[in-house]
Every structure is written in structure tokens, then in C-alpha cells.
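According to TrEMBL, the protein carries these features:
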type: REGION; residues: 1-44; note: region 'Disordered'
type: COMPBIAS; residues: 12-21; note: compositional bias 'Basic and acidic residues'
type: COMPBIAS; residues: 22-32; note: compositional bias 'Basic residues'
type: COMPBIAS; residues: 33-44; note: compositional bias 'Low complexity'
type: REGION; residues: 111-130; note: region 'Disordered'
type: DOMAIN; residues: 503-857; note: domain 'RNB'
type: BINDING; residues: D515, D524; note: Mg(2+) binding site
type: SITE; residues: D523; note: site 'Important for catalytic activity'
Amino acid sequence: MVVEQSQTGVVERVDESSDKKDKKKRRPRRSKQNSSSVSGAVCSSVNELHAEASESSILGSPPNCVTSSVAFSSPGGVGKASHVAFSSMPPMHINEQQSLNEARWVQNQDMPPSEHGRKMFSKSCPEPVSCDEPIGPHTKSGIFPPQQVEGSSQKPCFEPHWPLDAVNEALKKGDVFRALFRVNAHNRLEAYCTINGVPIDVLIDGIDAQNRAVEGDIVAVKIDPFSSWTKMKGSAPTIDNSNATEDGKLFAECPEMTGDSKGKSKVGAEVGYFRNKKSVVSSEASPSFGKAACPQLLDPIGYDNPNGHCFSDSNTSHTCSSMDQKEVKNVIGRICSLISSFPSKRPTGRVVAIIEKSPRRDAIVGFLGVKQWLSYKQDAKKNKHSLTIPDQEYIQLTPTDPKFPRMMVLMKDLPDCIKKRLGEADETVEMDLVAAQIYDWSVESPVPQAYVMHLFGRGGEIEPQIAAILFENAINSSEFSPELLSCLPHLPWEVPEEELHKRKDLRNLCIFTIDPATATDLDDALSIEMCTNGIFKVGIHIADVSYFVLPHTSLDAEAQLRSTSVHVSQRKLPILPPLLTEDIGSLGPGVDRLAFSIIWDITSSGSVLGRWIGRTVICSCCKLSYEHAQDIIDGILDVNSVIAPHHGLPQLHGNFEWPDVIRSVKGLYEISKVLKENRFNDGALTLESSKINFLFDEFGVPFDSIFCGRKDSNFLVEEFTLLANRTAAEVISRAFPGSALLRRHPEPNLRKLKEFEAFCSKHGLELDISSSGRFCHSLEKLREKLKDDSVLFDILVNFASKPMQLATYFCSGDLTVSENDWGHYALAVPLYTHFTSPLRRYPDILVHRTLAAALDAEDMYLKHQRLLTKFKYGKEREKRCFTGICFDRDAAESNEGREALSASAVKNGIPCAEILADIAAYCNDRKLASRHVKDATNKLYMWVLLKNKEILLSEARVLGLGPKFMSIYIQKLAIERRIYYDDVEGLMAEWLETTSTQVLSLSTSKRSHRRGSLGKFKALEDVALVASPYYPDLEHCVINKHVHDLRGSQEVGEDTGRSLEDPEPISRISSSDIEVDPAVFPLTVRLLSTIPVALHALGGGDGPLDIGARLYMSSYF
């Protein structure tokens, strides 16, 4: 059954006739024994879901009703503890004060109803997903009968999902809440849901409570009674990684916070989803490999908003009564009251229905565990070439993402190429990365069922890994079709005469670009003129991409689908064809190009007195790199000494000399300094630290990494792009208050921010979090105070970024409740948008169209008023009513003004508010996906470097400390890792609660099994690299042997298939590594201690890539 939802979040039934017609075309995915289930919705041509028959006594639902999978598809996650997301928070030791009044107080609170007599299915179901024990026919105490699932009669492992009607009714009453399901990357048994209005995330603890939900699902969550709420974690680093970066980056990046508003070196972290349309996505429209997914999600209701939309009560009054809205608010108020009264308690809940499944269910990447299956088959049949593969046999699939559970794959759901290799007993199948989709997870099955779509290649090579990363994030890497290219003009191309007459001609200005040296998509240029009255005319000129990309064309649809450019492996995946991004649309030097220009009248104190906005024709005189501009700023290049060929400067074009360019760069720099100072005086915040860049050899394999920071030349460009984005936002939001694409950055999570403040106070560091400006000012004071401890300051910046929320696009008509929600916290501005990178971002193209519509409407209105007749340039600017500094509201609200604005909006293809809100949410989703690609590729490159290095010795700082593990920060790699020291053979860990100190010492007692468990203790070598001072050469042998064992037979290769054999032996480690001395047992560790660690690469051959960290120790024993 396919479902959709109205604007109140009510799930509605949709006609199933189309599904029934296609039913015979689909491959059956269920065993014959599961005849009680019915066919579910089809999310894509290769993803079939199935509904289960409900039981009569499910939670809070009426008896004798049938449930169905209320969903599409999504990922979730199991994971080993070693699969660490690069995120942690300092331990906040909360002294919980239990009181006898607590229970008495709760009795007086009218909490949401909850079922106390629900079944505990976890007790009747084994724990197949508890991490380390593999699933499948090769387990001796298997979850399923050996080798086959057909004929099994399992007891239910999960509660059936609630019926649709019950979910709808509960949503309206506040009995359940709609929320995004997020899994803890360190421990898949923990998941979290954010409920709008509730200050603390709700914990979904355990497999039974998660009820088959996976990472990214939109679920219906029922809050547990207060007596079941758990304690807030305080003795270990924070596990709730709601804002955690995904496996590869320590610092969450937001371009407006890190300063890269141009988006040339970073991609901002975004989040968002599509609002549901009133149509059903067909299988042909479903996402497939290499195509960006446009998820069709259900409309949020007013009180819960996981996909970025907000609706006023007026939007939902036709389907949800004011009484229902009041009831929901009252329930949330009671929950907040409990949290406020008992801050040491965290609310818990359980999933009662999956409203919507994430598209990531269609993009699972992992490894197949075939060795034990082959071993069983070879025992059964001695002739390996005559192996038969019954359809009901299955093998295990282990996802590379630790937030996903392990899965079972039926043999019939394997590609023929894999079946053939298994028939030949080819064990190397286990070394290949595969693409898979989840298509079923019934109540009887402890794990989901998936089928394999295709192979990427060896997991230890770069190109297959990159292909898997792109697939996992639905990045379109295909070439542009001839149909799309036909939308563009042919080469050679020149500016048409018509455009020369319609636009302002600025080809006589000294205009130039400042970009990275290797950049080819040049979408912004700068100019400056000195006026006689001490005012500067500063211009920013943006490539007029909207001239080439017209609304409602195939090229526009493709740009929207791709949404943002993605950089991987020294290549770029653009949103538009290179003919446009690198040639006719790029502002290259010496050629006439179309631009959208903003020219400000700015004083030396940074005050903007006036502005002109319009479409222009420009000709850049040169392409400067950031290094060139920095040399000019530093005085290395000046008007008296510059000789173009001598300094390797670029070629100059037009009637300009180098002194003209140098004076312009210096003038722009002086004004940018003033603008930056004014911006921070107004309360702007930046959280920035050095980033790692990778150096690649001729084969595309990273061989080294360097730290790089931004310089004054970067900030020069940034200030004017920020000002341009603010100007564009101001114009379009005034002219089109209901359909402007803007960008907002909400205030940080106050609870997490206060935790960070308490952490600083505990360590004698003053922090003022009352506003973004004071927060930034106090961080700058800490930078100065800690100038001799840059590592600690980097850690503090990391912690400061944790409470920050994500910046997102939104439609102004979608946030009509309060314009206070439109602001940008980090920039401390009320309005902001993206205007300056249309060659890289689709939202910028929409903003260009909206700005053009405002200009056209202005011209139409002024011509009607006969105000433009015989006016000169200066007079014309003074009379601007829609795009000038002073907005003429009377003109905009007049009949003539409304008609002009409406006609120009239609002419320029401005979407209505509802469609624009969907586009904004989708662009947020694609922005976040591009960020994940960047993080994953950085982690891949770091893994390759460590694979070559074998062992990297480094110092690390302890970020978090507890009785079972410590979280550490390695500045050399700018990453976080965890070291687990509980249950280690030969190691005794003593946690001193009163002082928050961990003491690690060697133990002579021999223990081979965990007490009360079948699992063995971890080996000491997995936790510590122990060297003997008597035998220094032995240390190198031990290291090499250990790394050889970790590496296995597969080496890292690159795109040509070349293996990285014979890496540098550890005996040739660099001098910087030799300077790291090992620690000795017993080791006493405190928060922020410095400890030596040994880093190495893990996985690649038959498992997920990871970077392992161990203590680097010395011992006489």
C-alpha cells in the first residue's frame, strides 16, 4: 500500500490499483511460508516492500485491524565499536539528585498515555544484531535454520506497526510524535529522535524499541512513562551525535561560519527533505544508481518538523482542529515540564510505526560474508565446481556504515556474476564492495532482507571506494546527454548584440577574478573605483548563468536534480555542462561575458550609501590566484617592482597595467578589513581551524597531507560575497515576500551550549554564550590565552561547534509565523541567501531569477510612472523603488506595482511558495549529501596514507574519559578516535569516579572469556602497541607483523589498478615520529591529558575502512 500525508501529518490511503496492476511484474521477495503477509509499496524498480498482518493487541491500537508498512525506504545501522564517527563531547558529570518527591510529583502530571503491559519481544528473540556474532547459515547457533529460511516458524521478534488510522489519530492527539530516526554510530542499539518543542532528544534504546526503523526513517514515536526514562549520560563522552559529522571530519562545516561563502573549498552541512506531493512516485521515477534521489516525503505537521518546513495554524486548520493543536501543545508542555524539573532524566520512547522510509534503503554499500558459506558447501559437496545454490539459502551482508544493521541476502537475490563465482568457490567475492537494497523486514525476522544490485570492485582500491561513496549518497556522476547540451549555444560564442544594448556595458572597468590557482569555473569578479568625494564604487560581478539556464527546460531540470557540484578524487562533478561552467558562462580573462552586477557606494568606514543592481557585460582583465592577491597584500608585489614575466603573474588583457590591478587589490583589501571588523562588531561568529589538504601523485593516489589555513586574500573575496548575498536577500524578500529563497541559521542548542560553558568553567576558562558576538569575542580571548597550546584551542573550537545547528535554505512563504526565524545566527544578520556561485549551486540560479524579476518589475513600474524618461545614470539609481536601499512599499502594494511584480515573476519562472519550499528542502538534502561525500573521501585518503605508512606514531589529547573507553583527538590528522580498554586480556583498568581518572596497568592474571559471556577478551595488542626498551629492533618487528596481519593480502590501489605494494617500512619512520616517546604502565589518564598513540589503517580487503588507534606503550614485561 502506497501512502501519503496531508499537511497535518495525517497519513492517508492512496489508490492501490496501480500497484496491483504491476504486481505480476515484480519478483517475489518472500519465502513461501510467509503467506500471511501482503505485498507492500514499491519504492523503486528494484525495491519491493511487504506489509505484515497485525496482531489484535498492539500498543494502543484497536483490535482486529490490519497494519501495513507506512513507508518507502531508509537505512539504519549496526556497527562495531571501532567504526567511530569523528565526534564527541566532553564528559559532563551531572550529580543526579534522586528524591522521594519525584514519583509523587510525576503522579500529579498528566503524561501521554502509554501501555505498561506491552510484550517484551526481545526476550523471546535472540539478539542477532548484537554486533559481533555473524548471522546466516554458518552460525552454529543460528538465528535461522541452517542454510535456508524457507520452512522456518519463528516467533515474532517485533511488535507489528500500528495501523494507519491509529497513527493518524495518535498524531493529532499527541499520543505519538513524528520524528527523524537517527542511530548512534558507536552503538547501533541506541537511536535518537528530535521532537519539535522538546529540548532533549528522545532515546530509542534497544532493538525491540526501534522496531525495524533504520537511520533516516521518519517514524511515529511513543514516549515512555516517566518511570521508564533513563539517566542522562555523564560519566562518558556524549554519545548523542545528532550534529556529529559522518566518519571523517572533526569540525562541522558551515560556509557562513567557516568563512567560505563562495563554496570553493568547502561544502556546508545541510539537512532537508521534500514535502509530499499529491501524487505517487512511480517505479520509473524512483532513484537508481548514479541518479540523485528526490525523496517523496510526507507533509510534516505543525508541531513536528523534521524536513525543514514550518506551517502556521492556518495551513492546517482545514484538517486538524484547533482543539487537536492545543492538545498536542499541552502534551509537549507537560513533557518539557518534566524535563525541566528533573534535568538528569532523558525521555525514552519506542517506534510504533514507520511513516516514511529513507531513500538510503536503496543505497546500501557493504561486503558479503561468503567464506563460511563456502566452507559449509564444500563440506557438503567435495567437488567445488558442482556446487548448487538453492534460492532459499542466504549469506550475510555487512554494511560499511555502522549505523545500518547486518542483513541477509537470499541466493536468488544475488547477481548472476556473483552466483557464478560462488559456484566456482571463489572466496575473493568477500573482498568486493557491493551495492544492495533493503526490500523487506518482517516481524518474524530479526534482520532485514536485502538483495545485491551490482559490484563496485575491490574494497581496498580507491576507485571502487569512490564509486561506492557516490552511490551511497545518490550523486549523479553520469555525463550530460546530447539533449541537455542542445540547450546551450555552440562554440565559438559571443555576446549577442541584443544583450549589448539591453545591459550596462562595464568592459571599461578594471575587473578581475581571484580564485584558487586551478579553478576553471570562475563565477565572481571584483572591481573598485575611487570617486572624488572619498566614496568608493565597489562592484561584484557574478556569472549570469540564468541567461543560459532557462526555467522549465531539460537543462534546468538537470541542474535542479544535481543541485550542487561535488569534488572527488581531483575531479569535479558539476551541476551544469563544462561548456557552460568552464567556457561561455565562466568569467575568464580577455573575453566578453554576461554578468549580474551589484555596485555599492561605500565609504572608508564601511558604510553603504547607495547601490545599483543590474545585468551587465564585463571583460575581466586577468585571473589572479589567491597567492597572487596575497603577495600584493603583503607588499611582495607593488607598483614599483612588478614585472609580469618575472613573478609568474598571469597575462593582462585590455588597456590595463599591473599598477591598476595592484591598486585595486589593495583598495579592496582595505575596505574588506573594515567590513569584516564591522561585521564582528555587530555580533558575527566564526568557528574556524586549519584544514588538511591531500597531495596526489600522477596516478591519483594521495602520498602526503598538509595543513592549510585561510589568508587575507581569502577574506578579501569573502567579505564582498557576503555583502552581495545579504543585498540579494534584502531585495528579493522585500519584492517577493512569499516566494524568496533564503538561507537561515538557527540559534545553537542551548542545553549543549551550556554544557560547553560548564566544561570551560571547570577548567578555568571564561566563556560568554549570551549572544553570537560575545561568544565569538570570548573565543578570541581564549585563542590569545591558549596561544601556546594550539591543540587545546582546536579542541575547544570543536566542542563549540557541537551545539551549532545546520544552516538551511527555506522559502520565505514557508516560514510565515515569525520573521525572527529567518535570521542567520553565525553571520548575525536578519536576511541571507546564496547569490554568488551560480555555476556551482542551483539555489543561486533561482535567486538570480528572482532578482531579475524584481528588476523587470521595477522597470515596468517606473516606465508606467514615467520616472525613467531622460534620467541619467545617477538619477536613475536614486529613483529605484524595488532594488535600491530604500524600498518603496507603497509602490509595491499599489495596483500597478502588484501587477508588475506578478507579471515579472511569471516571466522569469519564479516558483510558487509550495514548490519553492520543496526545492529548498531538496537542495538542503543534496547539500548534506555532498558534505558526506567530502568527509568520506577525506577519510579514504587518510586511510590510504596510513596504509602506506603502516604505523603512524603521534601525540593525542584526551577529549573524553570513562570506565570503558577514552575519546582522543589527534591533531596531526585532525581526527577523533576512541580507544576501548574494558575486557582486555592482560590489562587492568581502574576507574576513579571521584577524580574522573583512569589508571591502566598490566595484569598477570589470565582470562580467556568475559564473565557471563561466550565472547573472548580483547587481546592487548588491539589496545596498545607495547615496545620493549631492551629490544628496540623488536618493536619494529612487532609493528610490521601486526600491520601485516591487519593488511591481509589486499593492498590499496588506485584508478589504474596499480597496487601499493612495498610501502615504507616502519623502521624508516620520519624524525617527527621518532620524537614520540612511548608511555609506561601504569598509565594514569585524565581529561585533556596528552598521550602517545599508534595509528594504523583497518579494513579495505573484506571490511569497512577505518583508522585504528592504540596506546603507544613501553614495558619491561
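Just so it is clear, glycine is given a Cβ too, placed from its N, Cα and C backbone atoms.
What you see is a predicted model, and the numbers here were worked out from it, not measured in a lab.
Sequence features, as recorded in TrEMBL, placed on the structure.
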residue	record	Cβ within 10 Å
D515	Mg(2+) binding site	21
D523	site 'Important for catalytic activity'	27
D524	Mg(2+) binding site	24
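For the pair D523 (site 'Important for catalytic activity') and D515 (Mg(2+) binding site), the C-alpha distance works out to 9 angstrom. Across the domain 'RNB' (503-857), mean pLDDT in this model comes to 92.
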